[in-house]
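Encoded as structure tokens, here's the structure I'll be asking about.
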Amino acid sequence: MKRERGLVILSILALIALEMMVGGSQAAVGMPPESAPLIRHFYKVHNTCANVEPFVRHQVQLIWANDKTVAPKLIKLLYADCMVNGCDASILLDGANTEKASPKARGLAAFVLIDKIKQVLEARCPGAVSCADILNIAARDAVYLSGGPSYPVFLGRRDGLESNAAWVDFPSPSMSWESSLAYFESKGLDLQDMVTLLGAHMMGRVRCSNILDRLYNFNNTGKPDPSMEPSTLTYLRAECPQKVRLGQPNPLINLNPSNPTHSFTNSYYSRVLENKSVLGVDQQLIYGEDTHDLSDEYAAGLQDFKLGFAFSMSRMGGLKVLTGTEGQIRLNCRMLNK
């Protein structure tokens, strides 16, 4: 695992080096092969919107100043886009049978922020910047504002022409680490990416309905998950009663109770190692040898986690992208161009 961690650090150092290279290609730093056409400063190189990144960051800053949950919302939205049909902004399309309409997509947010950013960019650079690129830049900026790394985002994505609710296949929050790994590998990512991207649960919120099985009926035993640390179980049961009153909303709780400010932290991994995870899929990381080792590395070193997170976010952002003449540059992220 130390060798794998070293590879991650070398890879992210290569990314940082390319920050200074206007024409740096994503293919040069171990990204998914289909993302090879993406480059740094795409809109500056093509003279279509040279200041796109400052424009996006300013809008994200305006929201983040009053809503610290914007970072986990944008990370989750990017994940929901890239892990279904590739990073093509198909999750942003409105419609009765789109990905956004899937029951599994309930809880996604930050759509209004993406709309606002798109409006600003259309006023300054009409028809130039894709919604897919906006989402990737905005997520990076929100991570940085929360105390995380500011990594280079390779650009040049185009927006997809289709979105289908049937495509949405997000994994269960209670699945085993082996099943979780199989899911990530089916998308073109690996164990390192899985452990690192699950670390996004360092911040954000989740509905109690996603953990009731762990709290009250683990594996249909009628009892709680025996691996859960007792004080964590007591706290979560107080926050998430087994039944709610008629008309009472499904409660929201923090994914990381030790991080109420939703800042970038490696405490998620400390909680994994202490059997204090909220989601079952997170606690599962302790059971695989490599997943346990990497969790231990990240718990011991925030900087290592920052480097790994930047690298895996970049890899996820390169999945099944559309480039060149594929797709389109939507004028409104919620609908196809007429």
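Note that the numbers count up from 1, one per residue, in the order the chain is shown.
Even glycines carry a Cβ here, placed using N, Cα and C.
Those TrEMBL annotations? Automatic predictions, nothing curated.
What TrEMBL lists as signal peptide is 1-27. Marked as domain 'Plant heme peroxidase family profile' by TrEMBL: 37-337. The annotation disulfide bond is assigned in TrEMBL to C49-C125, C82-C87, C131-C333, C208-C240. Residues or ranges marked as Ca(2+) binding site in TrEMBL: D81, V84, G86, D88, S90, E99. Taken from TrEMBL, the feature substrate binding site applies to P171. The heme b binding site annotation in TrEMBL covers H201.
Have a look at these and tell me how they're positioned relative to everything else.
Counting Cβ atoms from all protein chains shown, C125 (disulfide bond) has 16 others lying within 10 Å of its own Cβ.
Contacts of G86 (Ca(2+) binding site) defined by a Cβ separation under 8 A and a same-chain sequence distance of 6+ are given as E34, G160, L319, K320, V321, L322, in order along the sequence.
Taking the Cβ of C87 (disulfide bond) as reference, residues of its chain lying under 8 Å away and at least six apart in sequence are, in sequence order, L78, D81, A132, L135, N136, R157, M316, G317, G318, L319, K320, V321.
When other Cβ atoms within 10 Å of the Cβ of C333 (disulfide bond) are tallied across all protein chains shown, the result is 22.
Long-range C-beta contacts of P171 (substrate binding site), restricted to its own chain and to partners at least six residues apart, with a cutoff below 8 Å, comprise S179, S180, Y183, V281.
With a cut-off of 8 Å between CB atoms and residues at least 6 apart in sequence, the same chain places L255, N256, Y268, V278, L279, D282 near H201 (heme b binding site), listed in sequence order.
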Where the distance is taken from Cα to Cα, which of the binding-site residues V84, S90, E99 turns out closest to C333 (disulfide bond)?
S90
Nearest by CA distance to S90 (Ca(2+) binding site): which of the disulfide-bonded residues is it, out of C49, C125, C131, C208, C240?
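Closest by Cα distance to S90 (Ca(2+) binding site) among the disulfide-bonded residues C49, C125, C131, C208, C240: C131.
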C82 (disulfide bond): which of the recorded positions D88, E99, C131, C208 have a C-alpha within 10 angstroms of it?
D88
Between C208 (disulfide bond) and D88 (Ca(2+) binding site), how far is it from one CA atom to the other, in Å?
31
Counting other Cβ atoms within 10 Å of each residue's Cβ, which of the disulfide-bonded residues C131, C240 comes out lowest?
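Among the disulfide-bonded residues C131, C240, the sparsest Cβ neighbourhood within 10 Å belongs to C240.
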Rounded to a whole angstrom, what is the C-alpha distance between C240 (disulfide bond) and C49 (disulfide bond)?
47
